[in-house]
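Notes follow once the structure below has been shown.
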Ligand SMILES: Nc1ncnc2c1ncn2[C@@H]1O[C@H](COP(=O)(O)OP(=O)(O)O)[C@@H](O)[C@H]1O
Ligand SMILES: O=C(OP(=O)(O)O)[C@H](O)COP(=O)(O)O
């Protein structure tokens, strides 16, 4: 069933979006995830639905945390982006009352869904309780569709469920770039090590090389017995893959990871107690040569702590890819909340910008996602 075929008049729709946006000092750094959801919100509202937006924000531990509430920053952004619409905010305990005073076409943003027990564990009792408020479920949250959570894979068990417009767009754009004949390079970085690393063996069968930076490189280096000091890492299973390209040098710092000035070292000489914060200058050059030799670059995860003004590898590589894309020498797809925010000034030069990071890599590797399977 397609969203265009459903009659939504006077129906309540649970619309899963992903408003897990990067925020610094109370300001949203990049609202692309909210902007991309607007077409589906307007579509449903114009067809007479009452739209209940479900999203997570950050990683709360199944209880209210003021700093992760959607009430101020995210709700304000939505009000700014939809000035002509009637918007409401509610937590779960007030949803019934709000639904009774709202009309067709109105939109309700529900409080951070991860404040509630049952979301991350995907409990059926939680999903069926949410479903009991509504007539339909729409998934427009590509970037969280790799998570087996209640609001992603649970609710569709209890309601007729369809794909939202931006989720559909994401899939068709990504499929356009999946060409088995063109050699491609995967660049993987960032902090969410396990959700990206799971895909490495499948991706390595398809890709020419997988260049790793960020916490992913740290975790692999540590597994190989390289001292990584106090750097971010996760314990990972043994990876034996000759397509993985590690940095040859890294920037390391002591003290505040967002402010301190780093120095460059060969990966064999990372000092005890120091933190790897970026790939080094020789690694940037090496990565550029890998980019020169492929037709497609897929990139998710920053190469270092790009919030630190001294960590510029992500910017330099983004600029290089943007330039080669503009010159028609490569096609580029960039994805992930933090990666997009760190490369925002080159956004218009990439071939495609996905709002998803781990979900985007998972989709490339598996051609589907748990949240999408529920809609077929
Ligand atoms: N070496 C590193 N040490 C600590 N954090 C890092 C390192 N490299 C990258 N990061 C952090 O990773 C975060 C982005 O990771 P992730 O959420 O996986 O990316 P995305 O949101 O693009 O999918 C950034 O906030 C960045 O500071
Ligand atoms: O930001 C997200 O993913 P991303 O960091 O892979 O881009 C999604 O909102 C998923 O968030 P999660 O990794 O807390 O489940």
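Glycine is no exception: its Cβ is also placed from the backbone N, Cα and C atoms.
Listed by TrEMBL as binding ATP are 307, 336, 337, 338, 339; the candidate from 168, 176, 196 that the record includes in that site is 196.
Calculated from their C-alpha atoms, the gap between residue 307 (ATP binding site) and residue 114 ((2R)-3-phosphoglycerate binding site) amounts to 26 Å. Of all the binding-site residues in the record (114, 147, 339), the one with the smallest CA separation from residue 19 (substrate binding site) is 114. With the fewest other C-beta atoms within 10 Å around its C-beta, 59 stands out among the binding-site residues 56, 59, 114, 147. DSSP assigns residue 307 (ATP binding site) to coil in the three-state reduction, outside any helix or strand. Within 10 Å of residue 338 (ATP binding site), counting CA to CA, the binding-site residues 18, 33, 56, 57, 59, 147 contribute nothing. Proximity of the binding-site residues 19, 33, 57, 58, 196 to ligand 2, judged by a Cβ distance under 6 angstroms to any of its atoms, singles out none of them.
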